[in-house]
Amino acid sequence: MELRTAASPKDVKHYTTDRLREEFLIDDLFKVNEIKLVYSHIDRIITGSAVPVNQELKLTAGDELRAEYFLQRREMGIINIGGKGTITIDGTVYELEYKDGMYIGMGAKDISFASVDATNPAKFYINSAPAHTSYPTVLIKPENCVNVELGSLEGSNHRVICKYILPGQVESCQLVMGMTQLKPGSVWNTMPCHTHDRRMEVYLYFDMQENDMVFHYMGEPTETRHIIMRNEQAVISPSWSIHSGCGTKAYTFIWGMVGENQDFDDMDACDLKDLR
């Protein structure tokens, strides 16, 4: 498990491109037959992936958590962005199709990942946050989620937000998770942009071709920077930072938030005329 420390906006505005990428970009997810995990000190979120091809992958706590098992004091959200796969939780097998999700509550001990077809393996994307109590484990189908259509083609930001884990739908201690899919011809996400000082966020960009990219904008509104994102790469966004992107084509991204509250609409809007 890789560890990432928190960074101050006073320091970040002086970072080079390489340093920005080193601190915030996660560019080595979805390795074949591996579970890859990145532990951020920002609200203690863990971001990761599991790609079982010809073997089952078992989730273990590792020394970093100092726990008997991974979810002893944590909860987890998962979205499958690959082929059909299974997640086995304490002996119960759940089958996940493409873009199906899973919430696993605190206290689940034995968790393993497998693919149904090794030639089209599952790609499980993982977010995990500290938890204080146990909520029920839920298999999540996107067609049963709250879906909100926003933006317009004229604004180049026509998109559908699919909310997987949030209060009133799938309960959690603090993790809020979902997916945003841009419509063809739209390239902007989260513009006009915002911050939310009560929560940090991680984005995973995918559904992109090899030569496509997203310019992910971050930093304080008056000190913006960008990181170029490729397919199936994630980026950590501190609570003080904007988080917005513009791609060469339409794309999809998964967002996961942890922090002080779970109010999706608790945002501090940025006036576009103030952006620099």
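Every residue gets a Cβ built from N, Cα and C, even glycine.
DSSP assigns Glu201 (Zn(2+) binding site) to a strand in the three-state reduction. Less than 8 angstroms from the CB of Glu201 (Zn(2+) binding site) sit Ser237, His243, Trp255, Gly256, Met257, each of them six or more residues away in the same chain. Per Swiss-Prot, Zn(2+) binding site is recorded for His194, His196, Glu201, His243, and the stated evidence type is sequence analysis.
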Between the binding-site residues His194, His196, His243, where is the Cβ count within 10 Å the lowest? His194
